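Read through the structure below, which is laid out as structure tokens, and then see the notes.
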Amino acid sequence: MAALGGARRRPLFLLLLAGLLHGTAATFVVTDGNGTACIMANFSAAFVTSYDTRNGPTNVTFDLPPDAAVLNSSSSCGKENASAPSLVIAFGRGHRLTLNFTRNATRYSVQLMGFIYNLSDTQIFPNASSKEIKTVESATDIRADINKKYRCVSNNQIHMHNVTVTLHDATIQAYLASSSFSKEETRCEQDGPFPTTAPPPPPRPSPSPTPESPSVHKYNVSGTNGTCLLASMGLQLNVTYSKRDNTTVSGLFSIDPSNTSATGSCGPQLVTLDLRSSRIHSLLFQFGMDPNTSQFFLQGIQLNMTVPDARDPTFQADNSSLRALQATIGNSYKCNAEERVEVTEAFSVNIFKVWVQAFQVQGDKFGSVEECQLDENSMLIPIAVGGALAGLVLIVLIAYLIGRKRSHAGYQTI
């Protein structure tokens, strides 16, 4: 059980610089009572956590540190029909990162990722106003075929309430057939596209043709006290379902604003936007607020729609513990890059060019903009590359001037 790159604080935007900065990958292994490995994982991880200090809310960033190790007393290979396999990684003063696995006949997945952190750890959370131990968790999109390893070189972000965990260069496998990673692998969507290969035994999700990016539309929800929600965005639903012939497919359904009605509600703690069309009975977005951090965020998504070629034409999904599209109350959240919000294992929402503000909306206009991390990342990469090129030009110019000076020194006046 090795360790990962050292815990250190740094500005939030540097952490997300397209993989230029990340900790060193390490291997974690869970074994059964006979010493046979059942779970193996190799990755680097970076954490972004918001917490309250005596001077107000702040963010801290840190990597999984070199002394991180498998907590054998809590990790488990699971027992059939009794408990599921789990990998628990412990570090620092009581911090724990947990991966809980599940499987069906053809695939396994990290059904739930959890993080327990101790605010009394002053090295990571200086000046914290609370000394509590906090727990957050969320579903993930980490899944692979049975007897294959999950492989994802790209950054994979898991949002858990006020904590974001970014895995980089990850190799994960549960339900191992031997005490080593399988040679065959299932690649994550973030690493795509992939070359065409022979399909594995059915049933395997076979993606439908990708539709064009959805149209961006501005939605407005008002109550007795005026506007409580402004949202400009394009929406695309990613749904995995079983067809009548028992094959499993993934379908993409773009929301057409011209054929969609929008309603909503305004409450002191909850703002909703409800979209409906001939196929979508209800696509409900719920925005909550955190009075401790004075922030609003996308708290829940509910879907009830008809999928005509599905074995069960009525598709339903619900998750009310999300933490996405987050900004300070009175400001707006904006992201030009495409964002994917994982709702359940079978349903996610792709959001395009989102600009949203909930609760305190003044004059039906968006407030000051808080840009998403993905946009900060795309801006910083050209700056970093431009700075490097400028430095290279400067070095060449200095070398040229030194060369000219030496050549003149070879001649003397007679």
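Any Cβ shown, glycine's included, is placed from N, Cα and C.
Automated prediction, rather than curation, is the source of TrEMBL annotations.
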Checklist entry - Which candidate, Cys228, Cys335, does TrEMBL give as the disulfide partner of Cys266? => result Cys228
Checklist entry - Which one is it, Cys188, Cys372, that TrEMBL ties to Cys335 with a disulfide? => result Cys372
Item to check | Recorded disulfide counterpart of Cys188 (TrEMBL; options Cys77, Cys152) | outcome: Cys152
Next on the checklist: Quick check: of the disulfide-bonded residues listed here (Cys77, Cys152, Cys188, Cys372), which one has the Cα closest to that of Cys228 (disulfide bond)?
Outcome noted: Cys372
Checklist entry - Cα-Cα separation of Cys77 (disulfide bond) and Cys152 (disulfide bond), in Å? => result 23
